[in-house]
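Summarising the annotation, TrEMBL assigns active site, 4-aspartylphosphate intermediate to Asp386. Positions annotated as Mg(2+) binding site by TrEMBL: Asp386, Thr388, Asp752, Asp756. Residues annotated as ATP binding site in TrEMBL: Asp386, Lys387, Thr388, Glu488, Phe529, Lys552, Arg586, Thr666, Gly667, Asp668, Arg726, Lys732, Asn755, Asp756. As annotated by TrEMBL, domain 'P-type ATPase C-terminal' applies to 778-1030. TrEMBL lists 1097-1127 with the feature region 'Disordered'. What TrEMBL lists as transmembrane segment is 63-93, 105-123, 272-295, 315-338, 809-830, 842-862, 891-914, 958-980, 1001-1023.
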Amino acid sequence: MSFFGLDCTRKKEGEVERKIRANDREYNLSFKYATNSIKTSKYNPFTFLPLNLFEQFQRIANAYFLFLLILQVIPAISSLSWFTTVVPLVLVLSVTAAKDAIDDIVSTHIHSLFIFLSFFPLLRGDDSEISHVKYTMNPVCFLKCCFKTVFLYSYVFFSLSLSLHRETNLKVKQALTVTGDMGENLEALAEFNGEVCCEPPNNRLDRFTGTLTFNSQKYSLDNERVLLRGCTLRNTDWCFGLVLFAGPETKLMQNCGKSTFKRTSIDRLMNVLVLFIFGLLALMCIILAVGNGIWENHAGSKFKAFLPREENTVFSAFLTFWSYIIILNTVVPISLYVSMEVIRLGNSYYINWDRTMYHAGSDTPAEARTTTLNEELGQIKYIFSDKTGTLTQNIMTFNKCSINGKSYGQDQSVVLKQSPGEMTPVDFSFNRLADPKFLFYDHSLVEGVKLELPDVHAFFRLLALCHTVMAEEKREGDLVYQAQSPDEGALVTAARNFGFVFRSRSPETVTIEEMGIQRTYELLAILDFNNVRKRMSVIVRNPEGKLSLYCKGADTIIYERLHPSCSEVMKVTTEHLNEFAGEGLRTLVLAYKDLDEEYFSEWKQRHHESSVALEDREEKLEKLYEEIEKDMMLIGATAVEDKLQDGVTQTLEQLAKAEIKIWVLTGDKQETAENIGYSCNLLREEMNEVFVVAANSPEEAFALESNMELEFLRTACICKTVICCRVTPLQKAQVVELVKKYKKAVTLAIGDGANDVSMIKAAHIGVGISGQEGMQAVLSSDFSFAQFRFLQRLLLVHGRWSYLRMCKFLRYFFYKNFTFTFVHFWYAFFCGFSAQTVYDEGYITLYNLVYTALPVLGMSLFDQDVNAGWSLEYPQLYVPGQLSQYFSKRAFMMCALHSWYSSLVLFFVPYAAIYDTARDNGKDGTDYQSFALITETCLTVTVCLGLDLSYWTVVNHLFVWGSLGMFFILTFTMYTDGLYRLRPSSFAFIGTARNCLNQPNVWLTVALTAILCVLPVVVYRFLSSQISPTINEKVRYKVCQMKEPAPRPRRTRLTRRSTRRSGYAFSHAHGYGDLMTSGRYLRRNALTCSTGLIPTGRSPGFKPTGRSAGYSPVGREQNPKQKVEPTSLQVFRAVKDSFF
């Protein structure tokens, strides 16, 4: 469990409680609590070298070359100089260390702040908002100011726990009365010596237990008195607090996962393959050592005159074994890892340079924050996504409504048919207090407001009164609403634009402007929302003295409490609700009831008695609410859109076609999570059974336990869609780890907040979205960008290409080096197993460095099977990567067999071709140097021209033909008389190139050898493409047939047909209606407001449109016998269905 942050800091021995005393620094320092310094880097200047070397030598190949270096310093067994291994090994380690250091610096954020365990004011922000800018910190203060947890003691205010739960809903934070009464009295604050005794640091976000002891009295502290790091404050200009936890002991850091060294699946596979290669190397060396012993016994005595002989044949075989270990070391070339790092670096730059992943709105490009995980992007099987800020913008818009059986708002079919220029929004210029950002496209609704239609006015009056929104008016007419949920903010803003402007509230009143006339309603009661009631009501008295109850809530809940006379209106409204739900909108039903004064007085007395009852308080209040919330009259319904980010639905659809499973892990409540699931088509109406795993419930308490986790995973894996709601940051990471542990699949986690950090660190790939809510997720991620829609290009294009290129590189790299090494093996049978090499030292040195490096590297950086457009057009191309079809143990064995065959051809065809032959001048053409040169030429030509390239570029041509040219240039240069005279021992092949390569039979041998080497591959691929073509071959064939460079762009129009009505999500917790009517520290008073509306009548040239055409309702009283005029709903549905 330490991975998830439970033990991310070293706990004090035996610490069972924490004690903090105000204004007593010496007392607090005696406990040696953690400072406010947080380190998230992997290395520091002292640990970098040992830790980095330790990580690098976890690669078995690096450890092997270190061992090889030790062997090469032993003269008796080494036929190569020691520096031939030291130089490449040091180069590899240095390059990798430099890259790792840069990655750590880029992805590290270290905050080191001083901590003061005393009182002082918070940093001021804009007027009423305390400024802590996402990922920066204030010194201390409230419950937990950024990196601290502080006990709040002054004033009531509201907080947004954005970085923790990803909730932007306001939550009540209230000080104890005993401390709140001190107000801004600095002398009293300086003398305050209260002592807090609380629980030790832990990762529980939903609870806090502690006591404050002051003046010999104990006061209980709970979550409402504690402010956690990452919160933004509202409704207060200042506050004072006492720091409880700091630095790594804060709850957010306790929920952050530990930084781990991530390796790709290919890296892990490489370690296994390297072990196999070591076994193969040992086997070859044993065979050759045994051969040496046999040869020494039978033929060694014949060469005593010119070849020193070891009398002990066993010891000779032992030395030969180690000599061949050194000679055949190229079977695992150290340049492999350098090349892999170069390829990864290049593919990382492709991501950084991709303009299609650049978000102009926030000026944010995509960024590969690590260069070691690119190919892992091509093998993702599971995606774990946050919701708020990742899938959604967390912006609610008022789109449609139904009032007394009439539907208002632009039809989705009309919106899709019209271009942006043809859509004219409603002109709200008559309203000086209108929000300029609010857009509405049905002009008939504003005309109904101007005509003072009673039902329309009642509709918006309810929206302006029935809520718990706080209004901030920094300047005259400049209104800013702070809502408990975005839904409420959207509805109050809609009422504001249509002329019913909520201006201010006090514990006893609510002030609104109705068509320019300021009216103050007496607030008598708030019947608050909770998850059981699924509705809220307010009871108000208007200026004329009339009592009314206004209620809004889920349709099924409200319908049960309507007066029987509403049946006709209810039927039509239900049809509208079904249409709204079919478009993915979140619906809410509105109702009202006029109250009798005498009845209400008696009800209020009973309400007061129940609210102060010590036993069964909640049950008694619920009965009273049920009693008064009945026989209500239906007004209408609202339809709010929870805006998804651009392209989310299309991205999810594309990823699903690529057989990537998407799980949504969110801290939101169940209803909100389901609504988003339906909005983005993760959930569909045809899904008959929906299993929900909700945190803080009995089911969740056991779902992730060791004895239940497998059952939970099995259940989740048989579902088409998995959405886990109300999960904590720790539980998100646990779900990711669960899938990693049992499914053995490559996982990706994506989020944009601090609460997603542990999930991002737990997954194989972590993606951070640099949104509006800070950089915590980005700083802990491996890749980052600004919009969720860029994920499909990251995976389906860059990820797939990176994986395909890396796999091609590995296959071909092993092929060329195995072939190079196996020729030595065959040659040993013709040289008396004397540990001689086939090639000259110059060729051995330059083979991987110059002759074959660039062609393979060019293929690995520029190759594409299809371009980016077709990669997105056919997401199924991604599936082979998930199945590891491009490079696996089987692919490796096929590569080794091909190398074995090629080495036989490369050795025996030239051997047979020059055996017992003569040159044109009659001299003997059979000698060791000529044979070595012919073999070198055949090998180089085969490797360079046998590349499996699908996409030839100018760079590829330059690399291939340039490498071949360089081979001949350097060969003729090194075999010249001048170099021989300078260093005879190193350039012994004097004149060989000039004498050998001018023979026609040599070039025929080169051509025959190259053809024979590639022929089996060509035949195999031809037959397989005809008998069982792969998805890549099918797509490439189709693309060639279409003769188009890229698919034609097409506009995707997704239609939602769900009839499910998504209920209103007031908040994630119980509302704060009780607080608003309590009068405790609610300091905002109503401003004296001037008229904000220009009185106006019906606009000239107005023509009713939409469903309001011909509709002229009149005022009505509550009449159970009243009928509703028939509508043209059936005609509308017929037109709508024909469109779809």
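Backbone N, Cα and C define each Cβ position, glycine as well.
Per-stretch counts of Cβ pairs under 8 Å to the transmembrane segment (842-862) identify 958-980 as the leading one among 315-338, 891-914, 958-980. Scored on C-beta pairs under 8 angstroms, the neighbour of the transmembrane segment (809-830) with the top count among 315-338, 891-914, 1001-1023 is 891-914. Under 8 Å from some Cβ of the transmembrane segment (891-914) lie the Cβ atoms of residues 273, 276, 280, 807, 811, 814-815, 818-819, 821-823, 825-827, 838, 885, 925-926, 930-931, 934-935, 938-939, 942, 1001-1002, 1004-1005, 1008-1009, 1012-1013, 1016-1017, all in the same chain and six or more residues away from its ends.
Here Asp386 (active site, 4-aspartylphosphate intermediate) is positioned 11 angstrom away from Arg726 (ATP binding site), judged by their C-alpha atoms. For the binding-site residues Arg586, Arg726, counting C-beta atoms within 10 A of each C-beta gives the highest total at Arg586.
Spatially, by CA atoms, the recorded positions Asp386, Thr388, Asp756 include one closest to Phe529 (ATP binding site), and that is Thr388. Confidence annotation: the domain 'P-type ATPase C-terminal' (778-1030) carries a mean pLDDT of 86 in the model. The CA atom of Arg586 (ATP binding site) is located 16 Å away from the CA atom of Thr388 (Mg(2+) binding site).
Ranked by Cβ neighbours within 10 A across all protein chains shown, the recorded positions Asp386, Asp752, Asp756 are led by Asp756. Packing against the transmembrane segment (1001-1023) from elsewhere in the chain are residues 898, 901-902, 905-906, 909-910, 913-914, 917, 934, 937-938, 941-942, 945-946: each is 6 or more residues past its ends and has a CB under 8 Å from a CB in it. The sparsest Cβ neighbourhood within 10 Å, among the listed binding-site residues (Thr388, Asn755), is found at Thr388. Annotated pair Thr388 (Mg(2+) binding site) and Gly667 (ATP binding site), C-alpha to C-alpha distance, rounded: 9 Å. Calculated from their C-alpha atoms, the gap between Asp752 (Mg(2+) binding site) and Gly667 (ATP binding site) amounts to 13 Å.
The number of other Cβ atoms within 10 Å of the Cβ belonging to Phe529 (ATP binding site), over all protein chains shown, comes to 26. Rounded to a whole value, the Cα-Cα separation of Asp386 (active site, 4-aspartylphosphate intermediate) and Asp756 (Mg(2+) binding site) is 7 Å.
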